[in-house]
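Student: Reproduced below are the annotations present in Swiss-Prot:
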type    : residues                     : note
BINDING : Arg21, Glu79, Arg119, Lys437 : (6S)-5-formyl-5,6,7,8-tetrahydrofolate binding site
DOMAIN  : 223-364                      : domain 'TrmE-type G'
BINDING : 233-238, 252-258, 277-280    : GTP binding site
BINDING : Ser237, Thr258               : Mg(2+) binding site
Amino acid sequence: MTDTIFALSSGQPPAGIGVIRISGPGAGAALSSLAGRLPSPRRATLATLADPRDGTHLDRTMVLWLPGPATATGEDCAELHLHGGRAVIAAVEAALSSLPGLRRARPGEFTRRAFANGRIDLAEAEGLADLLSAETELQRRTALAMAEGALSREVDEWRTTLLQISARLEAALDFSDEDDVGAGDGTQRASLLPPHFAADCISLACSLNTWLDRPRAEPLKEGFRVVLAGPPNAGKSTLFNALVEHEAAITAAEPGTTRDLLTHAAALDGVPFTFVDTAGLRDEGAGEIERIGIARARAAAEKADLILWLGPEGLGPAGRTLWEIAARADDPGAGRKSQCAFHLSAVTGEGMAAFRSALIAHARSALPAPGEAALNQRQHTHLSEVARALEDAAAEQDPLLAAENLRLGRRGLDALVGRTGTEDMLDTLFGRFCIGK
């Protein structure tokens, strides 16, 4: 990373202030070229910026000089706190582009440099990406916990414990080499396992499993997925509109009005939801397009965190958490359900307040607690592999095979925080960031 990058890291102009970040070995020279001198490190300094090509006055503003490695990226950095007009920012960016060795940053490149220089690890970078995309308070607090290293600190402790277990085992193996214990002597080799070896492995695996048993990050990021299902004209779309507080779905007395999935994200009391309205389920009378919609409705139900079933009692999709809903409490002629969780009317509002409260409480119980770190799919997979390796090591009688399982465990922990990884995976992650971050 020998080149120097720059980008607007604040919001798009016009704005009160526009902040341009510069990072790389040429950051100091770039700042000097525009400001005429290099200010004192880490002190906000008022400076007049001029275009190095012709001396044109660009702006009078605050600048910061941040020499590395104790910076966000681990490199020399500079910040220009400009007046946030489009023309001002465009002129300063053009001046920076004219300097040799400087180029515009790609999405996420500042954070990628921070990762490459050891300022953050992969788990913290993933938390930062989630923090930037957070839209609800619950998402923000969970992402912040990850970005501030909640998982990374645990991984460091687990790795230290695992290294201690491994060191005791390796010492026993070294001792066996000196005493020339035969490879085929199973009893003697089993006796080489350190005292409490299996118990130590299981204890560490249990610590990992407490994290594996936590609610996952995906439902929080994507929204707790609630699918409304039932036959045509059961009141699904009316209830859907009431939940999202928007006339998102067309409602009519004609059966089959909804023919495809209609998805809408909404936050209820700070809890993220994804509500899905579906085509009415029926076996007869549906045209070709409606049949496609019905197939999609059944597929959506299989992916739901919760199904709101508005059809005949007991006939809802099996295999997922399901609430029986009688959605026409305002209609005296509508049938009631004996085991119904809720009788309500989205038209009159009857029962809706209690229903919303129950829905929010149910989602909260399935999502990470406020401020609690949560594993994503990648992290969960690696941590599961580590726990399995520890359990295999505990069950192993051959110390050589036990040592190999411990090595696999260490490798999994390293992958968890990005000490090992592939460029493709890193490209995907940092591509989620905006330019200037």
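Note that Cβ sites are derived from N, Cα and C of the backbone, with glycine treated the same way.
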Student: C-alpha of Asn233 (GTP binding site) to C-alpha of Arg21 ((6S)-5-formyl-5,6,7,8-tetrahydrofolate binding site): distance in Å?
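Tutor: Answer for this pair: 56 Å between alpha carbons.
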Student: For the domain 'TrmE-type G' (223-364), DSSP counts of helix, strand and coil?
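Tutor: Split by secondary structure, the domain 'TrmE-type G' (223-364) comes out as 37 helix, 33 strand, 72 coil.
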Student: Counting only residues 6+ apart in the same chain, whose Cβ is under 8 Å from the Cβ of Glu79 ((6S)-5-formyl-5,6,7,8-tetrahydrofolate binding site)?
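Tutor: Counting only residues 6 or more apart in sequence, the Cβ neighbours of Glu79 ((6S)-5-formyl-5,6,7,8-tetrahydrofolate binding site) under 8 Å are Val19, Ile20, Arg21, Ile22, Val63, Leu64, Leu66.
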Student: Provide, as an integer number of angstrom, the distance between the C-alpha atoms of Ser237 (Mg(2+) binding site) and Arg119 ((6S)-5-formyl-5,6,7,8-tetrahydrofolate binding site).
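Tutor: Between the Cα atoms of Ser237 (Mg(2+) binding site) and Arg119 ((6S)-5-formyl-5,6,7,8-tetrahydrofolate binding site), the distance comes to 49 Å.
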Student: In this predicted model, what is the average pLDDT of the domain 'TrmE-type G' (223-364)?
Tutor: 84
Student: In the structure shown, which of the binding-site residues Lys236, Ser237, Ala279 has the fewest other Cβ atoms within 10 Å?
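Tutor: Output over binding-site residues Lys236, Ser237, Ala279: least Cβ neighbours within 10 Å is Ser237.
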Student: Reduced to three states, what secondary structure does DSSP give Arg119 ((6S)-5-formyl-5,6,7,8-tetrahydrofolate binding site)?
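Tutor: Where Arg119 ((6S)-5-formyl-5,6,7,8-tetrahydrofolate binding site) sits, the three-state DSSP reduction gives coil.
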Student: Fewest other C-beta atoms within 10 angstroms of its own C-beta: which of the binding-site residues Arg21, Arg119 fits that?
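Tutor: Sparsest of the binding-site residues Arg21, Arg119 by Cβ contacts within 10 Å: Arg119.
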Student: Test of understanding: give the count of other CB atoms lying within 10 angstroms of the CB of Asn233 (GTP binding site).
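Tutor: Cβ-Cβ neighbours of Asn233 (GTP binding site) within 10 Å number 18.
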